[in-house]
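Copied over from TrEMBL, here are the features:
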- S291, E292, E338, E407, S470, E521: Ca(2+) binding site (BINDING)
- 26-67: repeat 'WD' (REPEAT)
- 68-110: repeat 'WD' (REPEAT)
- 111-152: repeat 'WD' (REPEAT)
Amino acid sequence: MKFAVCTNGDNNLRIWSLTREDEKYNVSHSDEITCFVITVDSLFVITGSRDMSLKVWQATGGKLAQVLVGHTDAVTCVAVPVTNKNQVISGSKDCNLIVWDLHTGEELHTLAGHLAQVTCVKISADGTTAVSASDDKTLIVWETKRGLALTSLQLHVPFTRFDISIECSRILMSNQSERQRKTSCENLVCRAPKAMTKLTTVLVLVLFGVLTAASPFGLQKANIGEEYGFEIVADFDKKAVSDDKKNTYVSDIRIGTVKVLSSTQLDITFEKKNYDVVTRYAYKGRGAELSELLFFNGKMYTFDDKTGIISDITNHQLVPWVILGDGAGNETNGFKCEWATIKDDHIYVGSVGVENYDDDDKLENRNNFFVKKVSKTGEVIHENWYDIYDRIRNTLGMPFPGFIVHEAVMWSPINKKWIFLPRKCSEKSYVKADVDATGCNKMIITSEDFSTIEYLDIQATPLQKERGFSSFKFVPDSQESMIVGLTTVENGKTINTAIIGLDLQGKILYPETKIFNDKYEGVAFLKHFDPKNIQMPNLN
């Protein structure tokens, strides 16, 4: 049966039968209907509304068949495939798209990648590939079966319209010029003079999920499909004491792989194998409590937060390189190493950046505010960063006695920014009995000289409120825009580690996922890595 469907901009939609004059129906939402589509078999009409829902109506009879609820703002667009009769996809002002099962109403996937409202969505004939546009001036190609972003195109001006070939191998799109945006009215093509209606049109080929021809405005590239090996290292605290070797302390290293699925999505896996690293160096019976990993000057270094020793990892041994004294370097105990990064051909090693308190919660010293600057040949400069740390916590509205515990800090030479992912943060005073139950879910970005300090919330709820970041690194070849980080929880008997993927806007590239019921506090990418031929270090 043939139908005509229309809405006049309110919350009502009319359905007319083109073969029977007496068959016409009126359907409605509680707020304005913003979009609608008819399935190819003419069995259903699907409407989207400002009331944040979609409704599925039987075209014959106008009976409500399903209500699709999942968006958190107005629905802006909807599309259905030609051959897959069970699928519908919608976009919203909440910046997300949702893939639905048309008949059960089940939400199959939420597609998160845009930074502003989704304005348009198209889907291939078989429903396997979708393309969305947004006010953030990006176009994203999605694989709907797994809910993955395959690639994206970034323009410097808004899209006016786009369409795709039925197999989604070609995308035809138009954009407005700067002159048009300044002088045009809402319906530019219909109302503007002919000279003003010229649109820049770009044909883009989509093959194997990768845009193969860039527009004049530049392709937002990601190293799609590349895999990068990394290591993580453990801080077992008192459990680092060897059970079978006297005066020996043991840590554990595990190997994983990061695969770049798209510019907005990573995949992370771990090998089943692991290997130990050992040392005989200790302070008051504690050793091999390793808090960071860093590849520097051709070697993989690790940092002991009890002894203050920077060690080169060689044949399962922690070979001492530099010993960092606490405070200004004139203390007898080791520096509490917690983070390390490379800047200007030096290693910068930092501590937690909070006041040190005794067992009665009385201020003891401010040694944790020092940062050690280590040259390639091992010379150490001791820098007091108290003013920097203090300025950061003041900016975040956590002035002393409030605190921010730092265990994950990186310098980004490409962005010329310092990036901080705190372990803990609070407006309240530092109390040892309570601090383990405190976490943090923020990213801090500062200028090189710390004159500008900005911060944002990570765009996901933490797995556990006590968790915070213990280490992170930039994914290679990502222009230092993709991050892989470790988060840890250490609260009484609860100790675990999770891994997460982020970008510099705090958007999630890989969901925070628990990996081990132990504490791993350092991560570093391997310089030479073959994912098809992973070999563990020589045990001899």
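The first residue you see is number 1, and the count goes up from there.
Glycine too: its Cβ is placed from the backbone N, Cα and C atoms.
Excluding S291, E292, E338, E407, S470, E521, which define the Ca(2+) site, the same chain contributes D235, F303, D305, C337, W339, A408, R423, S471, G522 within 8 Å (Cβ to the Cβ centroid), listed in sequence order. With DSSP states grouped into helix (H, G, I), strand (E, B) and coil, the repeat 'WD' (111-152) comes out at 0 helix, 25 strand, 17 coil. Packing around E292 (Ca(2+) binding site) is summarised by its Cβ count: 29 other Cβ atoms lie within 10 angstroms of its Cβ, all protein chains included.
In the repeat 'WD' (68-110), helix, strand and coil residues by DSSP number 0 helix, 23 strand, 20 coil. Listed in sequence order, the residues of the same chain lying 6 or more apart from E338 (Ca(2+) binding site) and placing their CB within less than 8 Å of its CB are S291, E292, F303, D305, G350, S351, V352, H406, E407, E521. Proximity of S470 (Ca(2+) binding site) to non-local residues of its own chain (separation of 6 or more, Cβ distance below 8 Å) is seen for S291, E407, A408, R423, L486, T487, T488, T497, K519, Y520, E521, G522, given in sequence order. Within the repeat 'WD' (26-67), the DSSP-based counts of helix, strand and coil residues read 0 helix, 25 strand, 17 coil.
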